[in-house]
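What TrEMBL records for this protein:
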type	residues	note
DOMAIN	13-353	domain 'Acyltransferase 3'
TRANSMEM	12-34	transmembrane segment
TRANSMEM	46-68	transmembrane segment
TRANSMEM	89-107	transmembrane segment
TRANSMEM	146-161	transmembrane segment
TRANSMEM	168-186	transmembrane segment
TRANSMEM	240-258	transmembrane segment
TRANSMEM	264-287	transmembrane segment
TRANSMEM	335-357	transmembrane segment
Amino acid sequence: MKALALQSAKKLYGLDHLRAFAICYVLIYHYRLFGRPDWVPVVSNFGWTGVDLFFVLSGYLISSHLFAELSKTGTLSLKRYFIKRSFRILPAYIFIVAVYFLVPAFHEKESLSPLWRFLTFTKNFGLDMQAEGTFSHSWSLCVEEQFYLVLPMVLLALAWYKAGKKGLLILVGVFVAGFAVRWYGWQLIEPYIDTAGFRVLHHKYIYYPTYTRLDPLLMGIAVSALYNYRPAFGSKIVRVVNWLIPIGILVLVAAYYINRNEASIISVVFGYPVVAIGYGLIVMAAVHPSCFLYKYRSAVTEKIAMLSYSLYLSHKGLMPLTQKLIAPYGFSPNSNITMLICFVVVVAGAILLHIVVEKPFLKMRDKFLRPKPATPEEVQIIMS
């Protein structure tokens, strides 16, 4: 059962379902920021956690590939790793950043952070969502990029010093440190709890920074480590694996109530870890061959999952722009038909971004990383 979830022969349908759910939940959550039907805030109140599910998925997938390479070769090719990540993340991201800076109509709010904050993936530190709210959802991309940078370095250091068993201590240590960091953040914002600027401070010191939002990434790593380094684990949970999903949902229900009031120390300190555990259990189930999510293939969720990155990058600019463009024709921003039109435009924009930018660079990446055929001289040396 080792490296259970990295079967190259079969696509991980379970993760496609979860990725599709995550992006749809985020889209509905962000639509509430603009004109919307009355039912949208009701069903999307917990939609901010779609990003946390993305974090768990990223933690699981990236660490799984790194663990597999370490197990096979004893080391990591940082050059290959960063080339793969760069071709995957940067082209579409830079394109959308350029659109935001060159097309003011694409702004969902008034102002942008300085360009260097986007290019260095540091926008999530000290972010004032009121003063620099345009493309603010890039904060999560900053968290992921910082994670992509640090994780292979840590794993490589552990491999070099043959200290792999200490990885668990590091994982637990960082997880526990998160509670302390959020508690300290609460001390900074609690005096302003009754002021109009409290939510801005909450997001600045608690919601956006990487060091307060590592829980779901760590949970993804933990799930991957269990499957990769505890060969018997997958066999032990065969009979109960489908029960992990309702258990995870129950944990998320608890997280919903914990996080209902963000102006509380319980929410600030414990809310994110509980969300991470809930989604972690669901991901743990989804990558197991005995899970119904793993077995069931859906062309719809496959396509949505494939477009999820482009959807995430472009949706917050396209939604209000679409509303503005169709308003003169009698479409109320609060109507269901306007919402449907907005989502059709968002999907069309994501398809265009995927075809024109993402796909060509992914093909270029594969071509760049493809092993070069041996020259006649090299073949002669090998045969001699």
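The backbone N, Cα and C atoms fix where each Cβ goes, glycine too.
Here the domain 'Acyltransferase 3' (13-353) has a mean pLDDT of 96 out of 100. Counting only same-chain residues 6+ beyond the ends of the transmembrane segment (240-258), those with a CB under 8 A from a CB of the stretch are 45-46, 49, 266-267, 270-271, 274-275, 277-282, 284-286, 288, 290-293. Proximity of the transmembrane segment (264-287) to the transmembrane segment (168-186) is established through 3 or more Cβ-Cβ distances under 8 Å for residue pairs spaced 6 or more apart.
When the stretches 46-68, 146-161, 335-357 are ranked by Cβ pairs under 8 Å to the transmembrane segment (89-107), first place goes to 335-357. Outside the transmembrane segment (146-161), and at least 6 residues removed from its termini, the chain residues within Cβ reach (under 8 Å) are 58-59, 62-63, 66-67, 70, 74-76, 78, 81, 85, 89, 121, 167, 170, 210, 214, 217, 221. Among residues of the same chain six or more beyond the transmembrane segment (335-357), those with a C-beta under 8 A of the stretch's C-beta atoms are 27, 31, 35-37, 40, 91-92, 95-96, 306-307, 310-311, 313-315, 318-319, 322-323, 326. Within the same chain, residues 5, 40-41, 43-44, 46-51, 53-54, 57, 60-61, 108, 137, 282-283, 285-288, 291, 293-298, 300-302, 304-305, 307-308, 311-312, 315-316, 319-320, 323, 333, 339, 342-343, 346 sit at least 6 positions outside the transmembrane segment (12-34) and bring their C-beta atoms closer than 8 Å to a C-beta of that stretch.
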